[in-house]
Each structure stands twice: as structure tokens, then as C-alpha cells.
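Going by TrEMBL, these are the annotated features:
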type	residues	note
BINDING	C85, C90, C96, S324	[4Fe-4S] cluster 1 binding site
BINDING	C111, C115, C118	[4Fe-4S] cluster 2 binding site
DOMAIN	97-313	domain 'Radical SAM core'
Amino acid sequence: MVTLLFPRRAPGTSFPSSRPARSDWTPRATRWQGMAEQLVQIMGRHRRDPLPERKPQWLKVKAPGGDNYIRLKHLMRELNLHSVCEEARCPNIGECWEHGTATFMILGSVCTRNCAYCAVSHGRPPAYDIEEPSRVAQAIGELNLRHAVITSVDRDDLPDFGAYIFAETIRQIRQRLPGCSVEVLVPDFQGNEDSIRAVLEARPDIYNHNTETVPRLYKKARPGGRYPRLLEIFRIAKRIAPDIPTKTGIILGLGETNEEVVEVMKDLRSVDVDILTLGQYLRPSDSHIELDRYVKPEEFRWFYEVGMQLGFRHVESGPLVRSSYHAWEQVQAASLA
């Protein structure tokens, strides 16, 4: 497999063990502005190279098939569980499953929303399974996972938008395998504070909600989402549980500009988001939103540098990065205070 994540430190250097003071990343310092202009000079302002007929070499991965991968796949089928790794056709499924990390998708496999970039099925979902949290915990216990990520489809049809099942899944995992860290990748719960609180009171190790794209593209790519609501969700989360690290991810290649991405990164730091992931959009089918461009590895490296300058505790930035990629490392990074 071609590895394109970039080094976390240069030889002889290390990252700070705590986030910079606010004065280090606010617009007053204008450090990020100089970096943005540098990227414009390197890449060209809003330049879009013609899409190649085939995916670039840096996006190619080997087919999964190791022992841990096969074991986990069989267990998922046996317990009637879903993974976003499979449902969303993640290219990193082999690496993550072999490493003892999996992303479980609860509340069914049918989403009430229809985001233009997403491979997950949408429509009217069936009733949820009240026993699902215990089966997820059973799978995690039998596999002795080091780190588990729990996500779900949007369930706008439920009064609490699915928050109870998230919280119960966390509790069941804690009982079954106390040593396993738990990250939740939650929907927006329509910004409902009671739902956000219910999940946070179950004490996940990381509270993740994805940004996905820049505000200008929300209506086109994520019609059910609202960018101001996204920022408010992180404000609420930090007010309720300031000690729980927050995390978000951005997809690149939907038509955004690099300047817009930097503005979003600034917004996310303004609400104290701790961890950021940036990865390449890969079009699931011809019925999904068109791919605008393949973002080059050097651009991802630049976004990583900007993110660290802005004060994120941890940044994963690379063509193959997805929200849960190297999630086990992010828990360690976020625990540094």
C-alpha cells in the first residue's frame, strides 16, 4: 500500500504537548495568512487541473484480506452488525481492521438524509434494534479491540435523534472491555442540546462530528446540514464536557478553494475543536456529486502545517485519510494537556 500520511515531526523536533495559547493562532498574528499566500503562489489561484482518466497512484491501496480483517468481517455478519467501513466503501478498511480498530455503524444502515457525496443508503429507516448496543459490545469484547469508533446514520425520525442508543453503546462497551477507548462520530442531532448532553454524559473518549465541506457548498453537498449549527454543536459540547476532546473532518475535492478551507479551520479553532482530519473525496457512483479535483499530496502537507499552526492538538491530512483513520493515535494525541 502506498502510504501518504506525512511525518508528525521532523528529525530532532517534536510537537508541543499542549495546544498553543489563543494569541498564537488568532488572526492578529496573521501567520496563517502568509502561509495561504504561499500556497496560492505554489498551486495557482483556484487552478483546477483536468481530471486524469485514472486515479492518481497515491490513491491506490492493496485489497484487504489479513487474518484480523477476515475474523472481524465474519463476526460482523454473525452478530448482524454494520460498519461504516463497508457501507461507505472506505479505502483503509484493511489497514484499520488489521490494526484492531473498527468503526461500527449503529441505528441501522438507512439514513434519513441524502448527502450528495455519501455512499450510505437513504430513505425511510426501519425501527431501531434496542439490543444493538450489547451486540456491538460483544463484538468489541470478542475481538479485544484497542479502540472502537461508533457512528450512525442520521435518524431524524426519532425523538432524540438516536442519542440514547449512542449513550447505551458507550456504557455497554465500558462494562465489557474497560480498556477499550471509545470515539463517537455523531450526526448533528439537529443541534438538540439534550441529545448532545446524553451522549457526552456517557463519557466517550472523543466526541466527533464532521464538518464535511465549506459553507458555500453546504446546500449542494449537504442539504440537511447547517454550517452555523455545526459550530454551535461544538460550543455546546465544550460547555457540557470541556475535558472531552472534540474532533471533525473535512472532505476535499468537492469544489472548495484552499482559502475557504483555511477559513473553516479558523472557525473550528474558534470553538475549540481539538482534532482535525482532511481527506480526498472519492465519488461513489455517477449519481453522486461530481469530483472537482484530486488534491495533491503537497497540498495536504500544507493543510497539515496550517492546522498545527492554528493550534489543533492533532491533524491527519492526506489523500486516503478518513475520519477514523489512525484513530488510535488520535486518542493518545488528544490526551496531551
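Note: Cβ is positioned from N, Cα and C throughout, glycine not excepted.
Overlay of TrEMBL feature records on the structure.
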residue: C111; record: [4Fe-4S] cluster 2 binding site; DSSP (3 states): strand
residue: C118; record: [4Fe-4S] cluster 2 binding site; DSSP (3 states): coil
residue: S324; record: [4Fe-4S] cluster 1 binding site; DSSP (3 states): coil
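Residues C111, C115, C118 make up the record's [4Fe-4S] cluster 2 site, and a Cβ search at 8 Å around their centroid adds R113, N114, Y117, A119, V120, H122, V153, D154 from the same chain.
Comparing C115 ([4Fe-4S] cluster 2 binding site) with S324 ([4Fe-4S] cluster 1 binding site), their Cα atoms are 19 Å apart once rounded. Cβ neighbours within 10 Å of C115 ([4Fe-4S] cluster 2 binding site), excluding its own Cβ and spanning all shown chains: 20. Every protein chain shown contributes to the tally, and the Cβ of S324 ([4Fe-4S] cluster 1 binding site) ends up with 27 other Cβ atoms within 10 Å.
Taking CA atoms as the reference points, S324 ([4Fe-4S] cluster 1 binding site) and C111 ([4Fe-4S] cluster 2 binding site) are 19 Å apart. The C-beta environment of C111 ([4Fe-4S] cluster 2 binding site), restricted to residues of the same chain at least 6 apart in sequence and closer than 8 Å, consists of C118, V120, S121, H122, G123, P125, V153, D154.
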